[in-house]
Amino acid sequence: MLGYILWTSLYVLLIVIPLILVVAYYTYAERKVIGYMQDRIGPNRVGSFGLLQPIFDALKLFLKEIIVPTNSNRYLFFIAPILAFAPAYAAWAVIPFSKGVVLSDMNLGLLYILAMTSFSIYGIVIAGWASNSKYSLFGALRAGAQVISYELAMGFAIVGVVIAAGSMGITGIIEAQSGGIWHWYFISLFPLFIVYFIAGIAETNRAPFDVVEGESEIVAGHHIEYTGSRFALFFLAEYANMILISILTSIMFLGGWNSPFQATALESIFGFVPGVVWLFAKTGIFMFMFLWVRATYPRYRYDQIMRLGWKIFIPLTFVWVVIVACMVRLGVGPWW
C-alpha cells in the first residue's frame, strides 16, 4: 500500500512539474511567435534569446504582495484560484503519453476529462463573485454562459468520437485509429474535429473568444482583483487547459501516439520513432494554432460568440452525431 502511494505520488510529480515548465515556456513561445507575426522581436533581454524570461516572470508573480479587497469574501477569494487550478492539472491523470504510460487508464477517461474541464468554471465564477467588483462579476457571468454554450458542442463532438471508436477509454480511442493516417478520425469526423478545436479555444477563453477578460470592456474580468501567486494560479490553469485541449484533439482525431506512416512503405524508416514523439509533435501543432489564431483574429462581440455556439456548433454537431450513429449501426462508412 505504501509503495503504491509513493509510486503514484512520484508519477503525479513527473506529470505536474514538467507540465508547469511547459506552461512557463509556452508563455515565452507565445510572446516570441506573436512578436514575429507582428514584426517584433519579443522578449530577448533576460538570458540568451530571452530564455530566462519565464523564470523571472514566475519569481515576480510569486514575490508580489497578495492584496485582498476590503469588502470581498475573503475565504472564497482565496479558494477560487485553487478551484480553477486543481481540475486543470487533475485532468492529466488519464492522458496516456504512450501505450501503458498513463497514471490511470480509466474506461471512462473522456467522461472524467469532460467533468474536470467543466469543474474549472466554478473557480472563475466564485472569483468573480467573491471579489466584490462589478467588472469581475461581469467577467464571471460571461465565462459561465460561454463555457455552458461551448461545452455542449464539445460534448457532442466527443460523443461522435466515442460512437466511432466504440470506447470511452482514451487508450481504446487511440487504438481504434491504428493502421495509418487514413484511419484517423480527422478525415471521417472532419466537422466534429473543426468544431471541437474551435470550441476548445472558446472554452479556454482565448482570443478571439476572450470577452471574459476583454481589456477594452471589463479591464481583466474575473481576475482583476488578483495579484501575486493567486493570479499566477489562474494563469497556470489557463495555459494548462490550452495544452490539454491540444493533446486531446491529437488523441481523438489525429491518432494519438500512432505514427502517420503505419501500413506504408515509410514505416520501416520511421519505425524507430517512439509514440510519445508523435503525440507531442501533433500536440505542438495545435498549441501553435492557439497562438496563430490569437495573432490573426480580432475579438468577437459577446452576441456573436453566443450565436456561433447555439445556432451553428450545437446543431451541426448534433446532426453529425446522428449521422455517425446511423452509419456505424448500418455498418456503412469509413470505420475499417
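Just so it is clear, glycine is given a Cβ too, placed from its N, Cα and C backbone atoms.
The annotation transmembrane segment is assigned in Swiss-Prot to 4-24 (among others) on the grounds of sequence analysis. Sequence-remote contacts of a segment are chain residues at least 6 beyond its ends whose Cβ falls under 8 Å from one of its Cβ atoms, and for the transmembrane segment (4-24) they are 54-55, 57-58, 89, 92-93, 103, 236, 239-240, 243.
Positions annotated as transmembrane segment by Swiss-Prot, on the basis of sequence analysis: 75-95 (among others).
Long-range contacts of the transmembrane segment (108-128) within its own chain (CB-CB distance under 8 A, at least 6 residues past either end) are made by residues 76-77, 79-85, 87-88, 90-91, 93-94, 136-141, 143-144, 147, 151, 154-155, 158, 161-162, 168-171, 173, 203, 212, 221-223, 226, 234, 237, 241, 244, 248. Feature annotation from Swiss-Prot assigns transmembrane segment to 108-128 (among others); the stated evidence is sequence analysis.
For 154-174 (among others), the entry in Swiss-Prot reads transmembrane segment. Non-local neighbours of the transmembrane segment (154-174) in the same chain are 94-96, 99, 102, 105-111, 114, 185, 188-189, 192-193, 195-196, 199-200, 203, 251-253, 255-258, 314, 317-318, 320-321, 324-325, 328, 335; each lies 6+ residues outside the stretch with a CB under 8 Å from one of its CB atoms.
Annotation comment: Swiss-Prot describes 181-201 (among others) as transmembrane segment.
Taken from Swiss-Prot, the feature transmembrane segment applies to 233-253 (among others), supported by sequence analysis. Beyond the transmembrane segment (233-253), the same-chain residues lying 6 or more positions past its ends with a Cβ under 8 Å from any Cβ of the stretch are 19-20, 22-23, 26-27, 61, 81-82, 84-85, 87-89, 91-92, 95-96, 113, 117, 120, 123, 127, 158, 161, 170, 173-174, 184-186, 189, 192-193, 196-197, 200-201, 203-206, 222-223, 226, 279, 282-287, 289-290.
According to Swiss-Prot, the feature transmembrane segment maps to 272-292 (among others).
As annotated by Swiss-Prot, transmembrane segment applies to 308-328 (among others), with the evidence given as sequence analysis.
For the transmembrane segment (75-95), the residues of the chain that approach it from at least six positions outside its boundaries are 12, 15-16, 19, 68-69, 102-106, 109, 112-113, 116-117, 119-120, 122-124, 126-127, 129-131, 170, 225-226, 230-231, 233-234, 236-238, 240-241, 244, 247-248, 251, judged by C-beta separation under 8 angstroms. Nonlocal intrachain contacts for the transmembrane segment (308-328), taken as residues 6+ away from its ends with a CB within less than 8 angstroms of a stretch CB, comprise 146, 149-150, 152-153, 156-157, 159-160, 163-164, 166, 189, 191-192, 195, 198-199, 202, 300, 335.
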